[in-house]
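Database features (Swiss-Prot):
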{"type": "BINDING", "residues": "G10, P11, D12, G13, A14, G15, K16, T17", "note": "ATP binding site"}
Amino acid sequence: MSGTFISFEGPDGAGKTSALQAITTQIKPVLGDQLVITREPGGNPISESIRAIILDRANTAMDYRTEALLYAAARRQHLAQTILPALAADKLVLCDRYVDSSVAYQGAGRQIGEDAVAQMNTFATDGLLPAVTVYFDVPAEIGLRRIQAHRDPQKVDRLDVEQAAFHDRVRAAYLRLQAAHPDRIKLIDATQKREAVVTTALTLIKQAAQNYFD
């Protein structure tokens with residue numbers, strides 16, 4: 001495996017997805033087919049089908065452990081079908097969410113246990129972690145205001161509509177993860193202007209994947 005794997009993480013409303021889109025616009029002309037942009041849950045037809053089940057607002061009866069297991073199943077398929085082949089082909093993979101999301105959202109947000117969810121995902125991924133995780137940090141109240149102000153109501157999912165306490169737990173878990181793994185997880189203050197956030201994220205990507213930009 002010779003490629004480089006970088007994940008993007010953050011609470012809802014942190015702006016990581018729009019930052020990834022802006023970065024893609026800048027580097028795709030340089031990297032061409034060497035660049036793979038993907039997301040979780042999703043990234044291939046099977047995982048996208050699982051995504052639809054997980055995020056469907058009609059699925060209010062979904063058990064929290066079921067939710068965590070579905071995320072892990074989607075992740076395993078995504079890894080096997082999309083990420084590992086891309087890394088084997090020496091590509092730069094930028095992924096919108098990965099294991100840290102499950103630890104934060106299901107482990108802490110759903111309160112089913114951060115360690116338990118981490119172990120579940122270690123099995124699903126065979127322990128594969130990104131070289132770098134770009135973490136977009138924003139207080140929960142700011143993220144939720146952004147969602148309410150800017151997100152298409154038709155695109156609001158089951159997790160977006162959770163109460164503020166849920167999102168506070170998610171952010172706290174992310175900060176614990178960053179403190180525990182500072183060499184991998186790089187924190188960006190996502191309350192800054194979008195241009196500054198994108199510039200910082202792009203700098204981190206270029207540092208982690210320097211050989212693609214030489």
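Note: Cβ is positioned from N, Cα and C throughout, glycine not excepted.
Since the structure is predicted, the reported quantities are computational estimates derived from the model, not experimental observations.
Locations of recorded Swiss-Prot features on the structure.
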residue : record           : contacts (Cβ under 8 Å, 6+ apart)
G10     : ATP binding site : K16, Y135, F136, D137, V138, Y174, A190
P11     : ATP binding site : A104, D137, V138, A140, G143, H167, V170, R171, Y174
G13     : ATP binding site : V138, I142, G143, L144, R145, R146, I147
A14     : ATP binding site : F136, D137, V138, G143, A190
G15     : ATP binding site : F136, V138, R146, A190, R194, V197
T17     : ATP binding site : F8, R39, D96
Additional residues around ATP, ordered along the sequence, whose Cβ is within 8 Å of the centroid of G10, P11, D12, G13, A14, G15, K16, T17: F136, V138, G143, R146, A190
Local backbone state of D12 (ATP binding site), from DSSP in three classes: coil
Local backbone state of T17 (ATP binding site), from DSSP in three classes: helix
C-beta crowding around D12 (ATP binding site), within 10 angstroms: 22
